[in-house]
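In TrEMBL this protein carries:
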BINDING   B:Thr162, B:Lys188, B:Thr199, B:Glu286, B:Asn409, B:Ser414  substrate binding site
ACT_SITE  B:Thr199  active site, nucleophile
Number of protein chains: 2
Amino acid sequence: MSSTEISPLAPATAPSLPEIAGVRIATAQAGIRYKNRTDVLYVGLAEGTQVAGVFTRSRCPSAPVDWCRDALKAGKGARALVVNSGNANAFTGLKGREAVALTADIAARVAACAPEAVMIASTGVIGEPLDARKFDGVLAECAGRAEGGAEAWAQAAQAIMTTDTFPKLATRRVEIDGVPVTINGIAKGAGMIAPDMATMLSFAFTDAALPQDVLQELLSAGTKTSFNCVTVDGDTSTSDTLLLFATGAAGNAAVTRADDPRLAGFRAALDDLLIELAQLVARDGEGANKLVTVEVEGAESDPSAHRIAMSIANSPLVKTAVAGEDANWGRVVMAVGKAGEPADRDRLAIWFGDVRVAVQGARDPDYSEEAASAVMRRPEITVRVDLGLGQGRARVWTCDLTKAYVAINGDYRS
Amino acid sequence: MSSTEISPLAPATAPSLPEIAGVRIATAQAGIRYKNRTDVLYVGLAEGTQVAGVFTRSRCPSAPVDWCRDALKAGKGARALVVNSGNANAFTGLKGREAVALTADIAARVAACAPEAVMIASTGVIGEPLDARKFDGVLAECAGRAEGGAEAWAQAAQAIMTTDTFPKLATRRVEIDGVPVTINGIAKGAGMIAPDMATMLSFAFTDAALPQDVLQELLSAGTKTSFNCVTVDGDTSTSDTLLLFATGAAGNAAVTRADDPRLAGFRAALDDLLIELAQLVARDGEGANKLVTVEVEGAESDPSAHRIAMSIANSPLVKTAVAGEDANWGRVVMAVGKAGEPADRDRLAIWFGDVRVAVQGARDPDYSEEAASAVMRRPEITVRVDLGLGQGRARVWTCDLTKAYVAINGDYRS
């Protein structure tokens, strides 16, 4: 397994995250599956904390995803977040629902709140019952020593990892109507944990004072240009969860609408932070050697551009070509064609990096194999497609498809 | 490249195809791309031959696909088929259209017919101009020595191969209203040819007397349960072409409707032949070690079952699990969930071979890891899913995703 080696696309250093008033963090070893590593994250949240969420589109979601969706509908805010790695509590039937309810009960006693104010996420093996009794005692102990400093954030990012090769953290500082606020975020990537499927999880926290509906609107919008624009292999987890918590401790003026101009800076900072986290997930894609940015422009609409970009980013033939450092634009044409979106073969233009390889439906007359190959040897590659039809555009991120991906996901029993 | 080794899933022997009255075959070396192997197939067809076709759904089809679509609309029947390997004539702009027109002109002179009665298919490298002048002389020479015996059919299947590891042939004998008719078919698989994309091509021939519209209806219906149910990696070629030619030499009674009960046997034989050819394509998938049959039942409708089956068959995580001989039903749940079709997690049941691994939304209480693992070690594996919602069903074929797939499609420049 190459998962013990750090991805060559990992950033040189992880950022040091500042304290956020109203957020207290602790991690522990609950013995869910791993030995000698933390597998539980407990986050205590100040009274009045609001929360918004975006979840997997899977028609077979995990029990924690169902729980969080219901909890958000209950609208009681959030007083605690419990995340475990090692077991996704997915496809576990009635036992899974009971395990989630028990986890919420344990955390609710600890945080002195309603169970519906406890958010829960799980990642790791699926189809195996999760023994939530293991959280009894552990969460109370966590709450007793929870803290808010940089080390606590680093530990939090570590505790939610499965086959991630590096922890993923990001932070932004911005003002709302003159009042400084902070946003911190952590994520875990689309890795695999033998012998089963893991998940994409991300949690963002801010001290801004924002009501739930505004938070939800900001988060849903931000997801469109970040986590919904990243793919490793096109497979969708049963457990994908993105939550945004706002403690309100910054004490900014009340806003009631997401399009309040005083939120422009906050919105931009949040979008930017989510994009950074999403890119970190692509950088840690299983077996990845190359980060690929796919930019599509000139489509009939933005959604059309997005579907074409995802078709390129998910194509095994495009991804193996990138792994082989081959400027194989024919496969990009193929992926445009299979997207099922409006496209005119004879208007297509394609670039690898700054090198235009095809124009007006044929190989660029000035095409230089050498120049294109030089681009493909870089660790970060941009594939750009102009459809020449309209103003629609999109940008997504993926990684290459290597033998290590097959090894990580196929070899572990052989 | 492992493409020089014959797929472990290849049939032990290829069938010997009988002569079909009105079909004359020759192959030649036109020097399109390869050295020392045949790369052109010429088929001369008797006067009155009718033809039907099904083509790639790509929005960026190759020039030959555009040509055939127009030729079918012209409705002049078919007097010749020209196929070349080594160059797909795709994404070649105006030059590509000129090359197709020139090929048709050359073949039309040879066959003494209208250019619109010439069907053309090309497979191989894309984005490079095809020099159709290379067919001048070659096709006339082919026509002069074309014949109809078993050896000619074997040569035809060989000449259209690119990275296929074995030729693909099938035959059926059936009666229409008491008159015996024959159907022969050849195919080439979804292989790759360094450094570019190849294509799926298939051609079927019969001596039955059937009008174009009946042929088209039979072929379109048959495609739904055969070639549209096979996938190697989910990538769609720009050049996929399936043509069915009927010379009429069998002299059966005229029929004017595809649902004529006298055609029931012919329809069943054609469907069966197309399924055999489609399965051969999956058996020769790049790097394949396992043939996987995915059966979905209990869906809300047949199309819904088909989309779920294809989601499973195209999932990199399912396909790497099969490569690793791992009975990883969690990934099957994941693939059901991501299909976007109606599914109730708590009604799902999943089998590998005869071993039920999951039922009613959780691991089967009688699950035996040993029994499931024994199934996974076989070269041919059936994954069956019952959604428990309705009567919809579908069956599709794929192969596993191995390191050899990545090597074939990524390594050739390294």
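Using the three backbone atoms N, Cα and C, a Cβ is placed for every residue, glycine included.
Filtering of the binding-site residues B:Thr162, B:Lys188, B:Glu286, B:Asn409 by Cβ separation from chain A (threshold: under 8 Å) yields B:Asn409, ordered along the sequence. Between the listed binding-site residues, namely B:Thr162, B:Asn409, the fewest other CB atoms within 10 angstroms of a CB are found at B:Thr162. In the three-state DSSP reading, B:Lys188 (substrate binding site) counts as strand. According to DSSP, B:Asn409 (substrate binding site) is assigned to a helical segment.
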